[in-house]
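Asker: So that we are looking at the same thing, I have put the structure below in structure tokens.
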Amino acid sequence: MNGGGGGHHDDSRSNPSVLRRARRALARFTGLGSPSYDELDEEVEFTKLSNDDGEDANDDDAESEAEDEMLYRSSSPSSSSSRRLSPEDEASTLSSLFFTYVTPLIQKGSKKALDTQDLWRTAEADRVGNLADGYRAAQDFLRDSNKKYTCFRILVKLHWRRFARAGCIKVVHDGVELCGPLLLQRLLKAIADGAPASESGGIAVVMGTLACTQTLLINQYFHILFRISVHTKVQLISAIYRKALTVSSSGYAKVGTGKVNNLQSNDAAKLWNMPQYLHQLWNAPLKLVAIMAMLSSIIHVVPAFVGLCVTIVMIPMGSFVAKRLARMRRELLKKTDARVKYVTEFVTGIKAMKLYAWEKAYMRKITQLREEELRMVRRIAYLNICNMMLFFASPILVALAGFWTYALMGYTLTASVAFPALSLFNILRFPVLMLPMQIMNLINAKVSFKRVQDFFDQEDRELLPPAAKADAQGDAQNEEAVTIRNGDFAWAKDSALVLKNVNLSVKRGELVMVVGQVGSGKSSLLSAMLGEMVCKNGGCTVAGTCAFTSQEPWIQNASLRDNILASASNKGNYDKAKYEGVLDACALRADLEILPGGDLAEIGEKGINISGGQKHRIALARSVYADADIYLLDDPLSAVDAHVSRHIFEECVKGTLASKTRILVTHQVQFAAEVDRILVFKDGCLEHSGTYEELSQAGVAFSQFQGDQEEDGEEGEGNQAGEAQDPGSKSKGSAQAVNGKAAPPGKPGAQGAMMKKSPSTGALVKAEERSKGRVKKAVYVKYIRSCGPYLILPIIFICCAFTERGLQVGQNFVLADWSNEEDDSWRSVKYYLMFYSLLAASSIGFLGLRSFTMANGSFSASKAMHSGLLTKVGSLPMSFFDSQPSGRLINRFTRDTESLDSTISQSLNSATVCAVSTFFSVFVVCWVTPLVILMIVPVSLLYLRVQLFYIGASRELKRLDSLAMSPIFSNFVETLQGLTVIRAFGLESNFDRKNMVLLTKSNRAYWPLVSSNRWLSIRLEYLGSSITFTTALVSAIYSSHSAGMSGLAITSAMNMTGLMTWMVRQMTELEVNMNSIERITEYDGHESEGEANMHLTRAVPKMWPSKGRVVFDKVFVKYRPDLPHVLKSLSFTVNGGEKIGVCGRTGCGKSTMMMTLYRMVELDKGKITIDDVDIATAALPDLRSKLSLVPQDPVIFSGTVRSNLDPFNETEGDSEIWNALKLSGLKSTIKELPDKKGLDSSIDEGGGNLSVGQKQLLCMARALIRKSKILILDEATSNVDGETDALIQNTIRTAFKDCTVLTIAHRLNTIIDSDKILLLQDGQVAEFDAPQTLLNRPDSMFAQMVEKARENASALKKSKSSGSIAE
């Protein structure tokens, strides 16, 4: 063995014999046997990075980063390597022509399931850095030349030379292809005339040679075009990504998140696939003219002209069908978009769905939209049947017209006329179909080009003007870091002003606090400073680099360390001392002791497995590590407790960042006396500016801005609603959970035990499951059974396929018999014409019936399987969703469902028809020329061997390609979500680089797949050509049959060549597409939510609960059997109507306790009763619909105000909704929304047009409308100012006066007037009594917490509002 093609061989191989060389050449050509070297050895070395440094938990991270670095270097224009690892780069001319360099990869794929480390490195020509920069250079060239630089013009400039070269190859190929019927005519004439064997044999040899040449040409043609497609893909995706990084906020809002995502996934895909068949636009008409000219020489001018007329009629018919299909597909896309929108909200908001018991209602809506979509799918399927019948009927109808005219004109039909003409009619089929199809593809591409160009034409974000440099060293301290003069700011040029006439200047090193009520424009001020808003008047200048934390922190799906080191140029070689200091300053040290894997713990999508406080502190740590000049901090203290808040303010804001310029937006005005200046905003205007003392003297009431403060020293434990979930995935409940919030600095969580995959790596999100090997038969059986009852439709389909193909073979037999008929009378001719026409009409009829059967079977399967998937996903427990990225689940409802609707049925149809057609072709060849069996048997064995050899590798390559594409889109979505943060830190180049790495990984999987298809095509077509050559040779020399039968055998052999290749591809395509069925049914084996208690379920009384009495009786809860209990013998009773404040340190089990009420986690022991009904016996929808919840992190859906409050029209009237809005303090806000439609005013995706505080109030309104007897508040007012909080507390006291209210304490003001305080410790009741009783006990833990709150409150130099505990 050698080391990759260039190594040394042993002596026995140094001078191989001619025979051995021939055997090795055959092995590499067909794949039958081991080649003498394996070019893949180097590829494996490329990705198998050594781990010799001895580190443990850091090894995987370093390896991944090293591999990404290597991939990036390989993609960059400046990359150079001492060796070229792509076999294509090293291949000789012959190897390139016959694609033998692919053989080692396919051989490896036939022995094992291929993995990414088995793939080649990208070829020199395919480096994504070169391609992306080439696009940008072409754009710059056109712009500098004052030419219009649309993406279409740029792509044409980049690729026209190679595209033209492919066109030249196609012209030569078509010329060679059309020589086939002419040579067939000569051969059949020679056989009929009894010419010498040398003459007819020579013609057969020439036919075989031309067939081989034709195969080489067409494969080189497609290889060039697919390479253009790959390059176009890279250039479009990178250009869209780069534009997304620079587009203005108004431009982005104008296009919309959904459309931008579709640009990269759908529109760009249409454009990069377009070059593959674009040559048909000119090639098809040219080929039609050439075929008609040849037909004129074979069947004379008039019959050829009649055939041409039929063809001309068929083309507009095809165009009409194609236009109708395009229009219907556009309608289908709208219906699909509507369904996917609801599915996306359903999946991403699944926790809210479960907590509000909205699953079934949403599923009904999705099912309704799915039925509308399927009606359109069925109509498209029926129209596709018409299209298919046109495709298959066109050569039959043209042949009928030509032969009828030929016979009526009195010409004698001979084999040398019939079969060459029939061969030309078959060639005619492809251009007749492709021309209208490509015209429609071009129209669709034009629409996609326009959509993409509209995005490219959006304005880029205007960078803020640079500040003037300080003239002298001594003036540096007085230099203004941020200056706004007469600033009027809006989100778009044509929208209303958000900030009005703002004048301010912030000096270097100054600490400025920005306060104001909800919606006053505080966050908008920071956006204006970042250049994210449109400055309509005045100007804003920022001097220095910025770091930014948003009110809703953007967290990447990466490790905690990678999130903090986002701005680091090299995460593998970061400043460890600085990093450790940042962890301490941001109070993250305790989290590392709680989180499995420490700072290598993986954080889920959108930070789903960590708390709101942890998100804010991680985002703050990212900013601090960036070491910027100016820090824009948007309310980072709202989600942390008082102790952590004080630590962050003193150690981070005033400590580590002491020398920096800091602008802090916050409701935590207890720190007001410690800042340099305070800005007070109201209705978008800067109302006051000055120090705390100045503003206090001016009469500014700071209590109105006081926000929620966790004065009890705790953070909310859950991401949403005090989430408590399986620690093995993404628990959010206790300290044992991934998101167990930080205990006070320096104190590790009480129970830092458990979860996730491995405590050393902190891996959370499971890798997407990838099937390996052949698709299980059970998957096929499941799909076939879904097609209809009793297998009726599948049986009809198979029968129709055999009947239809049998009738077509019968037509050719009639033609052969007719060409041998010596009776030229009209009666004889009429008999043959009528019989031929009858068989043709019957075959077209059975074709339609077969297609109709397949369409209906596919429709039934699509309906049943989508319904099953939706039902299953809706019933899965929350622990499942914690370890599954939402994009992966949505992929089942989009890409896999689309495959289910159309691709699978098409692949199954094509594979079946090809198999049946091949069977009949082999039968005809063997029956007419039995000697060919001697050739067919070994060729068939070779064919099967090559097929099996190829399918294993191709199947895995397609799966790898599918898996490699998903991260590109996931990264794009993640980038769009964090666009403001990325731009604030100046990380555009880092994320562009990441996109390049992902594109490189995708190309490494996709290009070998393209090359393997060419490898297969050449080999199978050569095997087919050998059968054609043998049949022609036997017919010319040894055949005892007539010329007609010889023509029948040769044309059948010629058809078989293409059929065999297409059959293998379709079988592979079918097997890969069946992976979608595997993925759709993948979750069927998962246990549904509440399934363990299903046998206990019984109906609850209609008016239950009537009192709201809650009893916990010796409740034990654990997240997994192998983990310790989180709740331990928890027992207490809450009487109906009582108001209970729940508090306790991090990890005490507060959120777990709340979630057990919803049965989001089932009990291990004990029971919980509500009004004497054991909740384990209540159906989950019945239980959850009777409870109301206001979560810490609100979930808002796109739509209207009404659809967010009452999505299923369950209220008695609008007055009830308006009253709820009034009580929650949102009535005036809703009335003042820009579209002025009241309850029908639009709510943007994720509530984008509402502040975080307003979204929380909207959730409060939901609870008011529901009118439950039990209300749960989980830090429900953490993002609102003090005045609004007071309104909410008053609403709770009045509107919920007869309800049982359980409140997880956010600040002690919130629960101090509760009827009782429930203080938990280590999953048990530590204290449970009236607040005053506990305060009167000196040893009470609650009393100690209140005392600490008083100490924190003393930071304010003046008295706060009357509700303050400090008073």
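Placed from the backbone N, Cα and C atoms, the Cβ positions cover glycine too.
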Asker: Could you check which of 201-219, 410-428, 429-447 is flagged in TrEMBL as transmembrane segment?
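Answerer: Feature transmembrane segment in TrEMBL: residues 410-428.
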Asker: Which range wins on Cβ pairs under 8 Å with the domain 'ABC transporter' (484-708): 171-444, 795-1071, 1110-1347?
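Answerer: The stretch with the most contacts is 1110-1347.
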Asker: Do the transmembrane segment (288-321) and the transmembrane segment (410-428) come close, with at least three CB pairs under 8 A (pairs 6 or more apart in sequence)?
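Answerer: Contact between the transmembrane segment (410-428) and the transmembrane segment (288-321): present, because at least 3 Cβ pairs are under 8 Å.
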Asker: Below 8 angstroms Cβ to Cβ, which residues of this chain, lying six or more residues outside the transmembrane segment (919-944), approach it?
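Answerer: Apart from its flanks, the transmembrane segment (919-944) reaches 30, 32, 805-806, 808-809, 812, 1020, 1023, 1026-1027, 1030-1031, 1034-1035, 1038-1039, 1041, 1045-1046, 1048-1049, 1052-1053, 1055-1056, 1059-1060.
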Asker: Which residues of the same chain, at least 6 past either end of the transmembrane segment (831-849), have a Cβ under 8 Å from a Cβ in it?
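Answerer: The answer is 385, 388-389, 392-393, 396-397, 399-400, 403-404, 407, 796, 800, 803-805, 807-808, 810-811, 814-815, 817-818, 821.
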